[in-house]
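Pulled from Swiss-Prot:
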COMPBIAS  45-64  compositional bias 'Acidic residues'
COMPBIAS  65-86  compositional bias 'Basic and acidic residues'
COMPBIAS  184-193  compositional bias 'Polar residues'
DOMAIN    8-42  domain 'SAP'
MOD_RES   2  N-acetylalanine
MOD_RES   10  N6-acetyllysine
MOD_RES   142  N6-acetyllysine
MOD_RES   163  phosphoserine
REGION    45-86  region 'Disordered'
REGION    161-210  region 'Disordered'
């Protein structure tokens, strides 16, 4: 405080007035009055600054003694692997296509006629039904297979498919009629040989074979 009073005494009147204005004090009076005002102001504020330093010191001590809380890392739940295994099973089941269904799709792709038995087998394999043919259906399926073979052969050699199918149907009807009336269909008799020769000639004329 002694040094401050010495400094205030060294100041001029104009400088003392500026110091009073800076601190919000009155500038009226002589030099000695201004010095007293400034000294009283400095003493009051010196006590306040000391109190503030004490308070700030207490706060810093509390901050230093307060423990630092580290953030606790939450444990992540394990990933579910059940769904992945189930998806793999589904993919494996769908990839196994029955062989009969493959044959049917291949026949449709290349425009090859599929027999009735293969269609039934594919359908039975798709729906899980036993594909055991009955006695009544076994005899009817044979001419269908032969007819399909004739159609394939006719398409291969560029022949008329409708005429071949009609010829096979006529032969089948004639065969059934002979079986019904007990007519022998062996090639030993002369009548049967003439019939076969006539059929051969008609067939050659129909397809333009010399």
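Keep in mind that glycine also has a Cβ here, set from the backbone N, Cα and C atoms.
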If you draw a 10 Å sphere on the Cβ of residue 10 (N6-acetyllysine), how many other Cβ atoms land inside?
8
For the domain 'SAP' (8-42), report the average pLDDT of the model, please.
83
Could you give the number of helix, strand and coil residues in the domain 'SAP' (8-42) as assigned by DSSP?
25 helix, 0 strand, 10 coil
